[in-house]
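Let me begin by presenting the structure, written as structure tokens, before commenting on it.
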Amino acid sequence: MEAAHSKSTEECLSYFGVSETTGLTPDQVKRHLEKYGPNELPAEEGKSLWELVVEQFEDLLVRILLLAACISFVLAWFEEGEETVTAFVEPFVILLILIANAIVGVWQERNAENAIEALKEYEPEMGKVYRADRKSVQRIKARDIVPGDIVEVAVGDKVPADIRILSIKSTTLRVDQSILTGESVSVIKHTDPVPDPRAVNQDKKNMLFSGTNIAAGKAVGIVATTGVSTEIGKIRDQMAATEQDKTPLQQKLDEFGEQLSKVISLICVAVWLINIGHFNDPVHGGSWFRGAIYYFKIAVALAVAAIPEGLPAVITTCLALGTRRMAKKNAIVRSLPSVETLGCTSVICSDKTGTLTTNQMSVCKMFIIDKVDGDVCSLNEFSITGSTYAPEGEVLKNDKPVRAGQYDGLVELATICALCNDSSLDFNETKGVYEKVGEATETALTTLVEKMNVFNTEVRSLSKVERANACNSVIRQLMKKEFTLEFSRDRKSMSVYCSPAKSSRAAVGNKMFVKGAPEGVIDRCNYVRVGTTRVPLTGPVKEKIMSVIKEWGTGRDTLRCLALATRDTPPKREEMVLDDSAKFMEYEMDLTFVGVVGMLDPPRKEVTGSIQLCRDAGIRVIMITGDNKGTAIAICRRIGIFSENEEVTDRAYTGREFDDLPLAEQREACRRACCFARVEPSHKSKIVEYLQSYDEITAMTGDGVNDAPALKKAEIGIAMGSGTAVAKTASEMVLADDNFSTIVAAVEEGRAIYNNMKQFIRYLISSNVGEVVCIFLTAALGLPEALIPVQLLWVNLVTDGLPATALGFNPPDLDIMDRPPRSPKEPLISGWLFFRYMAIGGYVGAATVGAAAWWFLYAEDGPHVSYHQLTHFMQCTEHNPEFDGLDCEVFEAPEPMTMALSVLVTIEMCNALNSLSENQSLLRMPPWVNIWLLGSICLSMSLHFLILYVDPLPMIFKLRALDFTQWLMVLKISLPVIGLDELLKFIARNYLEG
């Protein structure tokens, strides 16, 4: 049934053809079950494990590697002689890399899929219904409830479907809807129609929503919708429909992979074509086919050389280390790639309650009447410090601390706050904080009494557990609470009937203490309290009181005000009828006004500074709240989202105002606005969509089930540590301390991580460029192989992987939070950088080939061949006069390969030092700023020595131990790369950065 909240109870009953007393007949139940289906949320159709595994191989680079592995496997199969074993090493290693990558990928995907399952925990197991086949109420499984069923709910029950309330069987019905609306205060329900068909969930005061909890009272209602049609069901559908986008880094790496694969394909084809003439060379035994296969192997080597196999592992490691650093700052990251996305966040949409504020109501102002002279009335106004439930703070008058006990009016005000109250404070020893027990508003009054300490109780010697209610218990010993007149909507107040305790010999009789909404309570006051006397309440005095309340309720503070009053001579207990709440109004008449307290959910202390940080970093903060607009704007001014006198017409909207705008203007509003009030969860998703249309990277916070679709849609969903499991599973990050400042710290960390990733991605790629140049040069010049695939894999994975990982520990730049967020479209490698890589890569390639050639041409223990013989080695046979007196086997000697590999590794270690900073000289940023990097370079070199000097490794890698003169040559060839990069950095600093 649509818009049940706007229909009268009679209309709802006749729509389903049911009577409130008897319920549906078995026949109707059967028909409704067929029409509407069972009352449950369908299970999520997840991807099977096999589908997830296949998905991991959709990446182009992965496919090229897979192809290379298959080809080298086939080639290894046809290999003859002693090389058979070593030939299988390479395809085996490539496959291992691919499998490891796939496992990590599948594990991450699996985590993301659990969000929808978590919604299940809000489904109630059972429900209580009236049906025509039984006289009394019967308990049935919640999934069997159908629209039209008459359902009974009582305190502690979980609501089994979306229900329109027909009648309330207690004084009040309070419902905790925080999982749906995110607002922590429980809501008082009624049975009248809500005429507005477009009302937001917070305003549907005559509806009970599936999955919410009954906090107090008992009621009977008619089921309006079940299953997927309920509010929580709609949330599930939104979540199921939300596809996760790739993070900016994933998109970058995908683009990069595509470009790389095109380049690789081109180079492979080029190498093949250049050498078609050599296919028949005698070295291949004159067989064209074997010649083709030989160059095929070189093409495979090229593919292996060009792909940075170590990159996925290094990125994962760097992100994982980043998540550990963030966890120390209370930000728990659930999906690794989002660590980097945080770095380009340009908009943070934050909930107000609990994130920007403490979610601990606290009284910050109060007043009592000072004196009344005819129509002139003066007030004593006080402010109270402390913004949490901790009983620590002082009472100030004109900014100077005062003793509250000196003012008779404050003693009575404290008495009302302590007695007209069902809540208390509790010190949680495990968390080390004071927490509320009961309603937030009432706990604020309990805390106020503790701060006022009107009877000067000795509290310094008490433990924190005893301190929690010390001053309240003193007051509760003086007066005994007999009974409570519950809050009701018509009078907007509640009261307690108290009698003096036997022990106190004060000459006071019974009293009634009242607290409630100011207009309601003050209308029933005939007197005001001045000191210990009471004075008649005249029109001008009432106007004065109401004007202060109005001033407090608007403007910068927007406090929630409560009036406190006493009935000095209440009726006798015996004369009062306590089971008829309609009579409560008469008992709360003839009151004496005592004072007013103003409270708010105060902003967290650190938030103002964090918002300033965001402003410096070019990040816009948008506050989104279910609260009303006045309160929202006031908090925005307090924390610096708006300045004190800023005009907010185009920058703050309610959900309704936003909906009423045409679509184009809604989109425009999202570009300007910094505050949305009275919003529904669906608005959050809409806002994210509009922001994404401007290419903004949005971080969205949320804690309720209602926030899950928006959390899933935003690039960075941020759930609260105290939030629901659904919100946490739909988000990328969880704030352990629910604090907005933690988000800003995480953004800073994200920026630092991205900068470091840029450095090591560039480092790894320049290494690959060098390897490609090396293989291309040997093939183009017709030289013997300088590097074989298994050596390339070793370099890409191990020797380069360690320094690359260590580059993830580079310290962040000092001005990292003074720059605007980087555009997600900014390429990883810009034009100048591309030139730099090409220059460095070109040097690396030339140096490795040069080192191998040096051994052939000039080394003391080398064959001293001529350059012509070296470039035409393919034609070497015993019968060829050009190669007279030369053993052709020499062209397959391991020494030149060892020289080439050692030069490659040494240059890479120098390059790692170059990568400490993008443009800073090594003189300005010496190597020891990153001690991890020095350690990893030592480790990499040790591993290189391992494969040179420890059997059987040299055989597998086809290497030979080097002597001292050869190592000297390696260093001479390698070290100039540092000078080359310093020169390029110098040009960048002085001529390119304007």
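Cβ from N, Cα, C; glycine included.
Marked as active site, 4-aspartylphosphate intermediate by Swiss-Prot on the basis of similarity to another entry: Asp351.
The number of other Cβ atoms within 10 Å of the Cβ belonging to Ala305 (Ca(2+) 1 binding site), over all protein chains shown, comes to 28. Annotation source Swiss-Prot lists Ca(2+) 1 binding site at Val304, Ala305, Ile307, Glu309, Asn796, Asp800, citing similarity to another entry.
Every protein chain shown contributes to the tally, and the Cβ of Asp351 (active site, 4-aspartylphosphate intermediate) ends up with 27 other Cβ atoms within 10 Å. According to Swiss-Prot, the Mg(2+) binding site annotation covers Asp351, Thr353, Asp703.
Positions annotated as ATP binding site by Swiss-Prot, on the basis of similarity to another entry: Thr353, Glu442, Arg489, Lys515, Arg560, Thr625, Gly626, Asp627, Arg678, Lys684, Asn706. Neighbour count (other Cβ atoms within 10 Å of the Cβ, all protein chains): 21 for Thr353 (Mg(2+) binding site).
Non-local neighbourhood of Asp800 (Ca(2+) 1 binding site): Pro308, Gly310, Tyr763, Leu764, Ser767, Glu908, Ser940, each in the same chain, at least six residues away, with C-beta under 8 Å from its C-beta. Taken from Swiss-Prot, the feature Ca(2+) 2 binding site applies to Asn768, Glu771, Thr799, Asp800, Glu908, supported by similarity to another entry.
Following the DSSP three-state reduction, the secondary structure of Cys888 (disulfide bond) is helix. Annotation source Swiss-Prot lists disulfide bond at Cys876-Cys888, citing similarity to another entry.
Shown in sequence order, Val185, Met361, Arg560, Leu562, Met599 are the residues of the chain, 6+ apart in sequence, with a C-beta less than 8 angstroms from the C-beta of Thr441 (phosphothreonine). DSSP classifies Thr441 (phosphothreonine) as helix under the three-state reduction. If you look up Swiss-Prot, you'll see Thr441 (among others) marked as phosphothreonine.
Its Cβ placed at the centre, Thr569 (phosphothreonine) has 9 other Cβ atoms within 10 Å. Positions annotated as phosphothreonine by Swiss-Prot: Thr569 (among others).
Of all Cβ atoms in the shown protein chains, 19 besides its own fall within 10 Å of the Cβ of Ser581 (phosphoserine). Here Swiss-Prot flags Ser581 (among others) as phosphoserine, drawing on similarity to another entry.
Annotation comment: Swiss-Prot describes Ser643 (among others) as phosphoserine. The C-beta environment of Ser643 (phosphoserine), restricted to residues of the same chain at least 6 apart in sequence and closer than 8 Å, consists of Arg637.
Listed by sequence, the residues of this chain that lie at least six past the ends of the region 'Interaction with PLN' (788-808) yet keep a Cβ under 8 A from its Cβ atoms are 68, 72, 86, 89-90, 93-94, 97, 300-301, 304-305, 307-311, 313-314, 317-318, 321-322, 753, 756-757, 759-760, 763-764, 767-768, 771, 897, 901, 904-905, 908-909, 912, 915-916, 930, 932-933, 935-937, 939-940, 943-944, 947, 956-959. Residues or ranges marked as region 'Interaction with PLN' in Swiss-Prot: 788-808 (among others).
Under the heading region 'Interaction with PLN', Swiss-Prot lists 932-943 (among others). Here the region 'Interaction with PLN' (932-943) has a mean pLDDT of 92 out of 100.
Look at Swiss-Prot and you will find 1-48 (among others) tagged as topological domain 'Cytoplasmic', backed by a curator's inference.
According to Swiss-Prot, the feature topological domain 'Cytoplasmic' maps to 111-253 (among others). Mapped onto DSSP helix, strand and coil, the topological domain 'Cytoplasmic' (111-253) counts 41 helix, 42 strand, 60 coil.
Summarising the annotation, Swiss-Prot assigns topological domain 'Cytoplasmic' to 314-757 (among others) and lists a curator's inference as the type of evidence.
Feature annotation from Swiss-Prot assigns topological domain 'Cytoplasmic' to 809-828 (among others). A Cβ distance under 8 Å defines the sequence-distant neighbours of the topological domain 'Cytoplasmic' (809-828), meaning residues of its chain 6+ beyond its ends; these are 248, 251-253, 256, 321, 343-346, 613, 616-619, 695, 697, 748, 751-752, 754-756, 758-759, 761-762, 916-917, 929-930, 932-933.
With respect to Cβ pairs under 8 Å, the transmembrane segment (296-313) is most closely packed against 49-69, considering the stretches 49-69, 90-110, 829-851, 898-917, 931-949. Within its own chain, the topological domain 'Cytoplasmic' (918-930) has Cβ neighbours under 8 Å at 758-759, 806-807, 809-811, 978, 982, 985-986, 988-989, 993, counting only residues six or more beyond its boundaries.
Here Asp703 (Mg(2+) binding site) is compared against the recorded positions Arg489, Gly626, Glu771, Cys888, and the shortest C-alpha distance is to Gly626.
Using DSSP to sort the residues of the topological domain 'Cytoplasmic' (918-930) gives these counts of helix, strand and coil: 3 helix, 0 strand, 10 coil. For Asn796 (Ca(2+) 1 binding site), the nearest neighbour among the listed recorded positions (Arg489, Ser581, Gly626, Asn706, Cys888), judged by C-alpha distance, is Cys888. Secondary structure from DSSP puts Asn768 (Ca(2+) 2 binding site) in a helix.
For Arg489 (ATP binding site), the number of other Cβ atoms no farther than 10 Å from its own Cβ, over all displayed protein chains, is 12.
Between the CA atoms of Asp351 (active site, 4-aspartylphosphate intermediate) and Glu309 (Ca(2+) 1 binding site) there is a gap of 42 Å, rounded to the nearest whole number.
Note on the binding-site residues Glu309, Asp703, Glu771, Glu908: the fewest other CB atoms within 10 A surround the CB of Glu309.
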